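Have a look at the structure below before the remarks.
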Amino acid sequence: MLDGLTQWLNSLTRQHVNTSTVLWIERFLLTKQITCGQKVDKAALDDLYQKPEGSEVASQATAETAMGADESQQSVASSCEGDVLSTDCTDGTTPLTTGYNTRTNSKEQMLDVMDEVEEDSGPGPQGSLVLPLSRSRTASELLATRVSCFVELEESERFYRSQNRCLKLIFALYNAMAAHSELVCYFVIILNNMVTASVISLVLPILIFLWAMLSIPRPSKRFWMTAIIYTEVMVVIKYLFQFGFFPWNSYYITSMNKDKPFFAPRILGLEKTENYIKYDLIQLMMLFFHRSLLRRYGLWDHEEKTCTKEKKEKEPEATEEPHAGERPSTDHGAVTTEEASIKPDPEMIVPPTQEGKGTLLRLRRKKRHKERDAGSQELKVKENRRERAKKKLIAIREKTKFLLLTMVQNVYSPIHKFFHDILHTEYRAATDVYSLMFLADVVDFIIIIFGFWAFGKHSAAADIASSLSDDQVPEAFLVMLLIQFSTMVIDRALYLRKTVLGKLIFQIILVFGIHFWMFFILPAVTERMFSQNTVAQLWYFVKCIYFALSAYQIRCGYPTRILGNFLTKKYNHLNLFLFQGFRLVPFLVELRAVMDWVCTDTTLSLSNWMCVEDIYANIFIIKCSRETEKKYPQPKGQKKKKIVKYGMGGLIVLFLICIIWFPLLFMSLVRSVVGVVNHPVDVTVTLKLGGYEPLFTMSAQQQSIIPFTQREYDGLTKKFEMRAVAMQFITLYSYEDIVTANIEGNSGSVWGISPPSREQMIKELQRSSADITLRFMWTFQRDLGKGGTVETTQDKHIINLEAGSTIRTELADLLLGQRSDPVCVPNIFPKYIRAPNGPEAKPVQQLYPENEDSYLDVEVQLRTDNQTEWWVIRTKDCPQEECSILPMVIFSDKVSPPSLGFLAGYGIMGLYVSIVLVIGKFVRGFFSEISHSIMFEELPCVDRILKLCHDIFLVRETGELELEEELYAKLIFLYRSPETMIKWTREKE
């Protein structure tokens with residue numbers, strides 16, 4: 001068993017083990033060359049493997065490099081004797097694996113040793129290494145063409161193969177974890193979020209579904225560094241908030257908010273607990289483990305180096321431009337203004353002949369010009385200041401605008417590039433995981449249905465059947481159902497339209513919406529923390545699987561063609577069984593067909609579309625049957641084997657017999673095997689005269705209801721051993737099924753009749769000529785939690801008191817106070833009562849030889865004490881110590897347990913009508929009207945019709961709608977023409 005499990009794990013991680021083995025061998029060779037002091041050349045790695053055909057044609061530079069590598073290889077072999085063996089080697093597995101399913105391409109997997117070699121080699125012909133031609137092959141192909149072996153590696157492989165089974169299993173488990181270390185990190189992060197359920201732990205799961213899983217081809221170094229740094233910061237913050245001096249960490253506040261989901265430190269993830277960072281440390285450890293694997297295989301810094309190189313190649317030469325905030329110099333303008341103010345005014349220079357006459361005029365002009373120049377100079381200075389201030393404001397605004405634009409660009413550019421790479425990737429391996437996503441949605445739907453109680457406020461003890469029967473549906477439960485169903489419908493529409501952008505938008509909305517609902521709204525509605533709601537945690541985990549599949553679908557893209565149902569891809573019993581189950585689900589086939597018609601471009605009408613779907617389903621079923629006949633052929637003229645006849649036919653006969661006799665067998669088993677005894681927990685008897693206030697009412701509770709013992713049961717059988725009818729009834733019960741209810745003879749309530757009613761009763765007893773009824777009633781009450789369908793059973797025994805009878809006269813005397821002795825009422829108390837599962841508890845007539853005349857006689861007496869009256873009943877001719885007790889022996893029928901109550905409640909006739917006849921009608925449909933469908937079901941070979949259906953699907957997907965219409969007409973003509981159908985369904989030659 002251990003060997004099989006180990007082989008299975010190794011087969012799952014074969015590609016990763018092969019990749020790790022190739023890198024292990026190459027690292028050993030390069031390290032050995034460095035140790036031996038030889039010049040290291042990457043081209044030497046080519047000689048480890050046999051070159052593929054067609055790789056001999058290369059350039060002269062490549063040949064010279066290969067020759068240098070051969071010399072380097074020979075020098076290593078000569079200086080390190082016995083290291084290199086020129087023998088063929090087998091593919092040995094080692095415990096070293098890579099974390100990714102990648103090809104061993106030197107452009108992607110760059111070893112640390114190779115990086116050191118590149119740094120040491122420097123420029124020149126020796127430093128420029130040629131990419132080996134054989135490196136484009138996969139790791140398994142390289143190992144298959146390996147021609148060189150090393151002694152140390154062979155010894156390591158032999159040492160590994162010599163280990164015991166348990167150690168090999170541990171190595172295989174490690175390989176599986178290392179091969180899928182990325183998924184293990186995702187799982188630990190999601191598990192941490194499920195357990196802690198806080199705001200601080202909610203960030204990484206959202207980043208996983210909207211960043212890591214959408215990254216092409218794998219999550220970048222930036223993501224893993226973000227996850228590591230965020231986890232470290234989260235651990236430090238949680239540690240700091242564990243100190244007791246914070247007020248919310250006191251015992252009083254913690255105890256007050258023990259079960260409140262929105263206690264601030266709890267919802268933020270800063271609550272003081274014992275295991276506050278246990279899962280965080282596990283998460284950090286897994287992140288470092290994955291980081292070590294990436295560094296080990298050269299995938300940690302690979303993307304950074306590639307991006308830097310491309311950026312340097314594409315970076316244009318920047319031209320120096322003046323800064324937007326710089327302003328032109330205004331010094332020249334200032335100097336000019338000053339010089340202008342110093343220069344004399346030309347009007348002030350006058351010729352000498354006019355000097356005497358115009359002295360006064362010149363003085364006035366000079367004064368006026370000085371005032372004008374001073375005002376204009378002040379205005380110019382103010383304008384210059386305003387311009388400088390305005391330019392400074394413009395410069396500050398430009399700088400702020402440039403800073404904001406830079407910040408927005410730094411944020412927008414990576415996000416835009418990220419989503420652009422998703423939607424417009426150069427290489428897209430289209431895949432189809434819709435079936436797995438649909439399966440995850442179905443599982444979530446089932447979890448919601450059967451975990452109904454987890455989505456209500458106070459519905460922990462309720463079930464879906466009882467709540468729906470009372471027309472009560474919790475709001476959270478309804479919202480969860482609507483969310484789940486609408487998700488399935490929208491996902492189907494996006495799948496049919498093949499829109500990756502719509503799927504991406506839907507993924508973003510769904511991730512944020514589901515996390516907000518599950519971690520904030522649902523705890524507020526149910527008043528239970530998410531970490532304590534197991535059903536919600538299970539639902540969320542399955543939804544995370546759906547998110548992972550959805551991200552994988554977005555990253556790979558939708559398939560170009562969707563041909564038929566995914567269950568009809570193979571023709572075997574499993575697919576046939578699943579397809580038939582799919583068709584039995586109510587409205588599922590119709591809903592799928594209508595949605596496909598709405599979301600698919602077609603020329604067919606809805607009825608024509610349904611016709612094609614029905615034909616395709618029937619042809620698929622016939623194809624599966626024909627494949628079964630080919631797999632298990634039956635020679636002509638040979639009778640059917642007995643194993644087939646008695647196996648299949650015998651099972652059908654047994655099934656039909658069981659259905660016919662099911663009600664009788666079921667009720668018998670319920671009564672004898674699986675039935676439970678549900679004794680009454682309360683026995684109440686009442687004696688009532690006419691329509692007046694009851695004379696006597698008394699109840700016997702559990703302490704007065706005594707189970708029968710074996711001795712009492714033997715005494716009962718001995719008492720009736722001479723009567724066959726009575727013994728037949730008694731033997732149906734064991735002593736565990738019988739109890740004795742000891743009813744107190746004194747009434748449990750005071751007789752509270754009013755004086756007018758009392759006088760009316762006396763008059764009616766003395767003077768009325770009509771009969772008066774004296775009724776003795778009994779009521780049994782059961783506990784439905786133990787089984788059964790009826791809680792209360794009751795019945796009564798009536799005696800008619802005729803006019804002038806002695807009993808009426810004596811009762812009237814008792815009421816008038818003229819009589820103190822008790823009144824004897826004959827044949828009114830039945831001692832043996834049967835308590836069936838139904839509503840009526842009849843006396844056991846088999847134990848009364850004279851029917852009602854065999855009932856016990858009782859004595860009725862009215863007692864008075866300080867104007868308080870009550871009635872007393874006792875059996876006649878009873879022993880003195882037992883007269884105050886009315887013994888009632890109750891035979892309790894076994895009832896069905898609560899799990900089978902829904903069937904046992906119908907009874908035998910109800911089961912026959914509701915189950916046997918319905919199943920009989922269903923079975924009759926398989927064996928009747930077969931002749932009407934012979935020409936459509938007895939088809940020897942349906943491959944041509946199946947291909948025609950596939951052609952209709954194919955031309956529809958390619959947009960050839962006119963051809964689709966023609967092929968549909970051809971299919972309809974085929975079913976309308978029996979002769980053409982016969983030709984098309986002949987066996988292929």
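Each Cβ is built from the backbone N, Cα and C atoms, and glycine gets one as well.
Under 8 Å from some Cβ of the transmembrane segment (166-189) lie the Cβ atoms of residues 2, 5-6, 9-10, 12-13, 16-17, 95, 97-101, 160, 204-205, 208, 212-213, 218-219, 227, 279, 282-283, 286-287, 289-290, 293, 548, all in the same chain and six or more residues away from its ends. The transmembrane segment annotation in TrEMBL covers 166-189 (among others).
Here the domain 'Piezo transmembrane helical unit' (179-301) is broken down by DSSP into helix, strand and coil counts: 80 helix, 0 strand, 43 coil. Annotated domain 'Piezo transmembrane helical unit' per TrEMBL: 179-301, in sequence order.
The feature transmembrane segment is assigned by TrEMBL to 195-216 (among others).
The annotation transmembrane segment is assigned in TrEMBL to 223-241 (among others).
The compositional bias 'Basic and acidic residues' annotation in TrEMBL covers 306-330.
For 372-399, the entry in TrEMBL reads coiled coil.
Below 8 angstroms of C-beta separation, residues 462-464, 467, 474, 476-477, 480-481, 484-485, 487-488, 491-492, 495, 522, 525-526, 533-536, 538-539, 542-543, 545-546, 549-550, 552-553, 566 of the same chain, each at least six residues beyond the ends of the transmembrane segment (433-456), sit close to that stretch. For 433-456 (among others), the entry in TrEMBL reads transmembrane segment.
TrEMBL lists 476-495 (among others) with the feature transmembrane segment.
Look at TrEMBL and you will find 504-525 (among others) tagged as transmembrane segment.
Beyond the ends of the transmembrane segment (537-554), by six or more residues, the same chain brings 186, 190, 194, 205, 209, 213-214, 422, 431-434, 436-437, 440-441, 443-444, 447-448, 451, 480, 491, 500, 503-504, 507, 510-511, 514, 518, 530-531 to within a C-beta distance below 8 angstroms of the stretch. Among the features that TrEMBL reports, transmembrane segment is placed at 537-554 (among others).
The transmembrane segment annotation in TrEMBL covers 646-670 (among others).
Positions annotated as domain 'Piezo non-specific cation channel cap' by TrEMBL: 706-987.
Taken from TrEMBL, the feature transmembrane segment covers 900-923 (among others).
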Cβ pairs under 8 Å between the transmembrane segment (476-495) and the transmembrane segment (504-525), at least three: yes
Mean of the pLDDT scores, which run from 0 to 100, over the coiled coil (372-399): 81
Long-range environment of the transmembrane segment (223-241) - Cβ separation under 8 angstroms, sequence gap at least 6: 185, 189, 200-201, 203-204, 207, 211-212, 215, 249, 265, 269-270, 272, 276-277, 280-281, 283-284, 287-288, 290-291, 294
